[in-house]
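K.L.:
Marked as active site, proton donor/acceptor by Swiss-Prot: Y578. Marked as FAD binding site by Swiss-Prot: 234-240, 303-309, 316-319, 368-374. According to Swiss-Prot, the feature substrate binding site maps to R515, an assignment based on similarity to another entry. The compositional bias 'Basic and acidic residues' annotation in Swiss-Prot covers 23-35. Residues annotated as domain 'FAD-binding PCMH-type' in Swiss-Prot, with sequence analysis given as evidence: 202-384. Per Swiss-Prot, the feature phosphoserine maps to S65; the stated evidence is a large-scale study or a structure entry. What Swiss-Prot records for K102, K347 is N6-acetyllysine. Among the features that Swiss-Prot reports, region 'Disordered' is placed at 1-41, 63-86. If you look up Swiss-Prot, you'll see 654-658 marked as region 'Important for enzyme activity', on the strength of similarity to another entry. Per Swiss-Prot, site 'Important for enzyme activity' is recorded for R419, and the stated evidence type is experimental evidence.
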Amino acid sequence: MAEAAAAAGGTGLGAGASYGSAADRDRDPDPDRAGRRLRVLSGHLLGRPREALSTNECKARRAASAATAAPTATPAAQESGTIPKKRQEVMKWNGWGYNDSKFIFNKKGQIELTGKRYPLSGMGLPTFKEWIQNTLGVNVEHKTTSKASLNPSDTPPSVVNEDFLHDLKETNISYSQEADDRVFRAHGHCLHEIFLLREGMFERIPDIVLWPTCHDDVVKIVNLACKYNLCIIPIGGGTSVSYGLMCPADETRTIISLDTSQMNRILWVDENNLTAHVEAGITGQELERQLKESGYCTGHEPDSLEFSTVGGWVSTRASGMKKNIYGNIEDLVVHIKMVTPRGIIEKSCQGPRMSTGPDIHHFIMGSEGTLGVITEATIKIRPVPEYQKYGSVAFPNFEQGVACLREIAKQRCAPASIRLMDNKQFQFGHALKPQVSSIFTSFLDGLKKFYITKFKGFDPNQLSVATLLFEGDREKVLQHEKQVYDIAAKFGGLAAGEDNGQRGYLLTYVIAYIRDLALEYYVLGESFETSAPWDRVVDLCRNVKERITRECKEKGVQFAPFSTCRVTQTYDAGACIYFYFAFNYRGISDPLTVFEQTEAAAREEILANGGSLSHHHGVGKLRKQWLKESISDVGFGMLKSVKEYVDPNNIFGNRNLL
């Protein structure tokens, strides 16, 4: 069987790979399709396996899903990288990430990341405490108080249409009306949402959570929602930072949280065409893990890789840090299947490019759950690179670093990833450096610092650092590396070591945990991003950081805010810029309002300086007030027209974008 599958150009991964069935053919809405295919049989000798799941397979998956709802299944789900139904047994209910991972003060008084999941776990950070005290005015003796656990009596009651519930039970699709399940899916990870979880509660949350296990289940759910005029809000990994998952407070209909996490399989891999067909609920880390077993990868690595899903990537037009080699999500997607109130949207073939009018994929990508549910996607894959190497470059200042990145982009020789940190972000990263166990290593670090600051004359309070990641064929990587370092030298850049580069990337997946620690000590913090033409990058970065400082001072913030940025993606015509800002809110009566007003002012400054509304976080409800201005009245009207046709009764009523 395996040899036959390989000969056909498709290799199913795991026991769940499907090749279709008679039931699939009987359900085919186009009975002439088989005849047409027979007439062009010669063109399909190397065709891909059928993607559809049979009715029996859907039933089997529902049964298996029900079995894994028990707490005993949680450790297996945790290890595999899939998201269990009871997310709260693995993940924090009021913060980022896994329950076993958080920053604490250890017995030595040093900040340490608990657990064993990350390279930084279990290591003391000897200078981080001093950094947060000096930078943010934190007094570690004064902690905030927050709810220790979720009290079901504090949550809005579940209001569900009884006729709908009766019909739902007939489908055998798993569901829950429990308070903790509903609250867990009522939010993403904006500061506002996490603050509310710690200090209060949402005004509106989903009334019921549904767990489809395949495309056909989603069709049934959408049909029932249309029948009873209910509201559906899809959720994948729950990593939204745009209020995309928050329920509209004035929604009076039953709100369904359609959780795609149990739709988490790779349906097939086509090794001839280097594509994989996957269900939308598979997480990035699980997708990469399974593909790697067969020697492949997608190369798509957003910072939320651990928890975000393929469906979420498509619906928000996501970007990954290695897009210079593999592309953004719009470059990776070959085929999308989406269930809408009008029916199923998908193309009739999986050709690499078509000239068939406006690309319907671009109606789906970035739709943010407003038109339907993405159930499956075909994405490009590549062989796992044979060689990977990190690097870093120190520049005298941020401006020269930007000029270097611009030249690298112009020559189209950017490594898989290149990130340029401003001075404050460099110092922040340096404060997260773990304790050095070797005197020799400590001596070398001191020697490098002396060389850069004293011998080369770099000002420690001005220098900027770029981290680099190269991957591919070893010989080509080494040639590529030399080319990049030669360009950097022309802009005053000095090689700063492979270890510094590697550490910068290893911090990627733990940065989000720091906000939870900050909240315990009266600090509010957030990240946001934009993209801008090259000639606007330096001014935009400076003006946004100055605006944040000015806004905080005018609003009575007693300690100067932490405001920093990095250039995190490069393009021919511009770059993506990522900002962090945080402030100590002790003495402020309404810190959340101050924070939101400051963040909005920063966004206004971005737009005034020629930046985009968003590069990859999306619009959601957080940024939709600026969407019409960003895409024009006519463009906004086009989006509304699509919404009104595809979803005339606003079944997908999360109210993102419009």
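From the backbone N, Cα and C atoms, a Cβ is placed for every residue, glycine too.
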K.L.:
If you measure A318 (FAD binding site) to K102 (N6-acetyllysine) at Cα, how many Å is it?
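P.N.:
That comes out at 26 Å between the alpha carbons.
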K.L.:
S304, S308, T370: which of these binding-site residues has the highest Cβ count within 10 Å of its own Cβ?
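P.N.:
Result of the Cβ crowding comparison: S304.
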K.L.:
Of K102, K347, R419, R515, the recorded positions given in the record, which has the fewest other CB atoms within 10 A of its CB?
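P.N.:
Comparing Cβ neighbours within 10 Å for the recorded positions K102, K347, R419, R515, K347 has the fewest.
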K.L.:
So, three-state DSSP: helix, strand or coil for A318 (FAD binding site)?
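P.N.:
Looking at the DSSP assignment, A318 (FAD binding site) belongs to neither helix nor strand, so coil.
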K.L.:
What does the DSSP secondary structure composition of the region 'Important for enzyme activity' (654-658) look like, as residue counts for helix, strand and coil?
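P.N.:
DSSP classes over the region 'Important for enzyme activity' (654-658) add up to 0 helix, 0 strand, 5 coil.
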K.L.:
Do me a favour and check the Cα-Cα span between Y578 (active site, proton donor/acceptor) and R419 (site 'Important for enzyme activity'); whole Å is fine.
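P.N.:
About 10 Å separates the two Cα atoms.
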K.L.:
Around the Cβ of I374 (FAD binding site), how many other Cβ atoms lie within 10 Å? Please give the count over every shown protein chain.
P.N.:
30
K.L.:
Least buried of the binding-site residues P234, G238, going by other Cβ atoms within 10 Å?
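P.N.:
It is G238 that, of the binding-site residues P234, G238, has the fewest other Cβ atoms within 10 Å.
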K.L.:
Summarise the model's confidence over the region 'Important for enzyme activity' (654-658) as a mean pLDDT value.
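P.N.:
A mean pLDDT of 98 is what the predicted model shows over the region 'Important for enzyme activity' (654-658).
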K.L.:
Where the distance is taken from Cα to Cα, which of the binding-site residues P234, G238, S308, I374, R515 turns out closest to K102 (N6-acetyllysine)?
P.N.:
R515
K.L.:
Using a 10 angstroms cut-off on Cβ to Cβ distances, just flag whichever of A318, Y578 is the loneliest among these recorded positions.
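P.N.:
The recorded positions A318, Y578 were compared, and Y578 has the fewest Cβ atoms within 10 Å.
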K.L.:
Which one is it, among the recorded positions K347, R419, R515, that lies nearest to I374 (FAD binding site) by Cα separation?
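P.N.:
Sorting the recorded positions by distance from I374 (FAD binding site), the top entry is K347.
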K.L.:
Using the residue listed as 'substrate binding site' as the reference point, find which of the recorded positions S308, K347, R419 has the shortest Cα-to-Cα distance to it.
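P.N.:
So, spelling it out, the nearest of the recorded positions is S308.
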K.L.:
According to DSSP, does S308 (FAD binding site) fall in a helix, a strand, or coil?
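P.N.:
DSSP call for S308 (FAD binding site): coil, neither helix nor strand.
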